[in-house]
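Student: Sequence annotations record features per position, and here Swiss-Prot assigns Zn(2+) 1 binding site to His68, Asp101, Glu164 based on sequence analysis. Among the features that Swiss-Prot reports, active site is placed at Asp70, with the record citing sequence analysis. Residues or ranges marked as Zn(2+) 2 binding site in Swiss-Prot (evidence: sequence analysis): Asp101, Glu136, His350. Annotated active site, proton acceptor per Swiss-Prot: Glu135, in sequence order, evidence recorded as sequence analysis.
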Amino acid sequence: MTDSLVLSLAKDLIARPSVTPIDEGCQKMMAEFLAPLGFEIEPMVFHDTTNLWARRGTTGPVFCFAGHTDVVPSGPAEKWHTPPFEPTIIDGMLYGRGAADMKGSIASMMAAVQRFTTDYPAHQGSIAFLITSDEEGPFINGTPKVIETLEARQEKITWCLVGEPSSTNHVGDVVKNGRRGSLTGDLTIYGIQGHVAYPHLAENPVHLAIPALNELASKQWDQGNEFFPATSFQIANINSGTGASNVIPGEMQVQFNFRYSTELTDSQIKQQVAAILDNHGLRYELKWTLSGQPFLTGSGKLVEATQNAIKAITGQETELSTSGGTSDGRFIAPTGAQVIELGPVNATIHKVNECVRVADLETLSDIYYNMMQQLLVDHD
């Protein structure tokens, strides 16, 4: 039996061991597929990262498919049922690293676009692809750099569909219409090193820090809102001491992270943290890393088209959610684009034996096609 177009594309992509930030020719394959469909191909390489901007059409509105060709490492290959970079179908499931996150989505996008441009060669506006090999890594030279380039030449995205695996039990049951912000603090608290038998001659930074850390951990930062849960503070790493049991440490390192809602800004969080540390009289140094601002796509054409398409293809209603981690949508939303995430079931992402139901990729492609019909075809 001959593979469908979606399955053939997915297998081709999975077979390329594109561990971040290596692309392994995935984007070249995509470019060769899209160019005959009328797409202008623009590779954007920044340092070790390969990016692709492909666009069909010169006018607005711009419907953009966004995603990444890089994958996380496979882990021990011997723990997989099948080799992680040899796409294999077992009982209707396609196994391989990247099957769900997110080469399956990319294959569904490509097949949907081929079908749509064949059926509607004179569609309204433009269709674009923004693809990077740096989503699973440090996300420095990927989507942020492409967006900088587009913004510099005033090239705007109207609607953006990120193919991250958003679904929980079946395709389309959950759509991400926003994400929480992520802010990490690296805190060093200073004391005075000394002998444990002479505590009066030392200052133990661990003892000094505990009350402040307890206040940070127990504080209700906000109540959240109808779209976002309350802001979360979590301590990720703590390090102090020399390893000797008779030495009071001279300093203590604490790393913590905020996942925050639209009820707070990163500036407000920084100010409140500093106030708590200062109130406890600590001597400290604090460095911040902002991974992304929170964003929300409320009611509008993109959300409406997404809900309608899922209902039309699957017969099911969808849940709008902002839960989970960050995605590259956080770099696209600040440009003013409406952004949603819609992809396959995420139960096996980043795991051994990552897999996706083959039928789900076909369903996903049909949903993507339906969305383009709603947004890029004149129905008058």
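Cβ coordinates are placed from backbone N, Cα and C, and glycine is handled just like the others.
Provide an account of the burial state, proximal residues and distances for the features listed.
Tutor: Sequence-distant neighbours of Asp101 (Zn(2+) 1 binding site): residues of the same chain at least 6 apart with a C-beta under 8 Å from its C-beta are Val71, Val72, Glu164, Pro165, Gly343, Asn346, Ile349, His350, Glu354.
Cβ contacts within 10 Å of Asp70 (active site), excluding its own Cβ and spanning all protein chains shown: 25.
Under DSSP, Asp101 (Zn(2+) 1 binding site) is assigned to a helix (H, G or I) in the three-state scheme.
Secondary structure at Glu135 (active site, proton acceptor), taken from DSSP and collapsed to helix, strand or coil, is coil.
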Student: Quick one: give me the count of other CB atoms within 10 A of the CB of Glu136 (Zn(2+) 2 binding site).
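Tutor: That number is 22.
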Student: Return only the integer: C-alpha distance in Å from Asp70 (active site) to Glu136 (Zn(2+) 2 binding site).
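Tutor: Rounded to a whole number, the Cα-Cα distance is 7 Å.
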Student: Within the same chain, and leaving aside His68, Asp101, Glu164, name every residue whose CB is within 8 angstroms of the centroid of the CB atoms belonging to the recorded Zn(2+) 1 site, in sequence order.
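Tutor: Other same-chain residues near the Zn(2+) 1 site: Gly67, Met102, Ser105, Glu135, Glu136, Val162, Gly163, Pro165, Ser327, Gly343, Ile349.
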Student: Using all protein chains shown, find which of the binding-site residues His68, His350 scores highest when you count other CB atoms within 10 A of its CB.
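Tutor: Selected residue: His68.
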